[in-house]
Amino acid sequence: MAASGKLSTFRLPPLPSIREIIKLFRLQAAKQLSQNFLLDLRLTDKIVRKAGNLTDAYVYEVGPGPGGITRSILNASVAELLVVEKDTRFIPGLQMLSDAAPGKLRIVHGDVLTFKVEKAFPESLKRPWEDDPPNVHIIGNLPFSVSTPLIIKWLESMSCRDGPFVYGRTQMTLTFQKEVAERLAATTGSKQRSRLSIMAQYLCNVRHIFTIPGRAFVPKPEVDVGVVHFTPLIHPKIEQPFKLVEKVVQNVFQFRRKYCHRGLGMLFPEAQRLESTGRLLELADVDPTLRPCQLSIPQFKSLCDVYRRMCDEDPHLFAYNFREELKQRKSEKKEKEEDEESHRL
């Protein structure tokens, strides 16, 4: 474990360029893993600068790949950098960086979706949730295929204050497809407003900091890439369990072009749908003819609070899934048709 100290003068010694590393170890981006390498160190330096002051910080980098952002983080005078990489092809190049920065770079061959970061850093880094964010940061150029499930997983961890958030309000600086970055930061009424907008913004201050053109990556993706910074809020804007908020928000946005009452109706069994949806909207004081993208977070808070009270009144309600009911009705209809067919025969 690297000790914190006066590290501001540290710079990596001369090393092969990222392009040379890729050639040396015959690395090729795996299309099926949606890998894209960022080779321009001016851009990786910019990502790291936007993460904040990393002097003496403990940093968790996800998906380091050939090590572009890794170099920029090491040059930012961190106390320790932990990288988690699933693809074994990248380990030798990262090991070269580790040798060039003794005691600073810890490499774990593993999957970011399952890695237990809550045990990775010293206990002394933990801060009360109400304090300033801890000196722990998450930074990463995420493969597109894992970026959305990973941010949802971390948002849930944030709401429970576990995982990377056992240390306190750990800040994150991550890359996403530009469209996803825009959704995460979208304001009420904008066409990019989505489930991700609500789930991120009720828990965090979310900023889409800058956009990197696709041509900066190898291979060049078909889309540009957005860099997004997340700072957890001291008080979430919706004080309900994550799974309940997620269920309400998902149902609203599954019919994003319809009025909001359409999606909210799917929270209730068909037999009581009309009555319960009307009651929910009335008690939450939400106009049923608003589109999902027009609903503000305070309105989602009202909807979640009222839905929670309705679930408390009817303990079976939260477990209700309209898709299961639909599947059952189709199955019953099929059985009935088969019975009628056998009688005709």
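For all residues, glycine too, the Cβ spot is worked out from N, Cα and C.
Caution: TrEMBL annotation is automatic and unverified by curators.
Sequence annotations record features per position, and here TrEMBL assigns S-adenosyl-L-methionine binding site to Asn36, Leu38, Gly63, Glu85, Asp111, Asn141. The annotation domain 'Ribosomal RNA adenine methylase transferase N-terminal' is assigned in TrEMBL to 43-234.
All features noted in TrEMBL, drawn onto the structure.
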residue: Leu38; record: S-adenosyl-L-methionine binding site; contacts (Cβ under 8 Å, 6+ apart): Thr44, Gly68, Ile69, Asn141, Ile212, Ala216, Phe217
residue: Gly63; record: S-adenosyl-L-methionine binding site; contacts (Cβ under 8 Å, 6+ apart): Val84, Glu85, Lys86, Val112, Gly140, Asn141, Leu142, Pro143, Val146
residue: Asp111; record: S-adenosyl-L-methionine binding site; contacts (Cβ under 8 Å, 6+ apart): Val84, Lys86
Least buried by Cβ count (within 10 Å) of the binding-site residues Asn36, Asn141: Asn36
Reported mean pLDDT - the domain 'Ribosomal RNA adenine methylase transferase N-terminal' (43-234): 95
Extent of the S-adenosyl-L-methionine binding site in Å [max Cα distance among Asn36, Leu38, Gly63, Glu85, Asp111, Asn141]: 20
Packing count at Glu85 (S-adenosyl-L-methionine binding site) (other Cβ atoms within 10 Å of its Cβ): 24
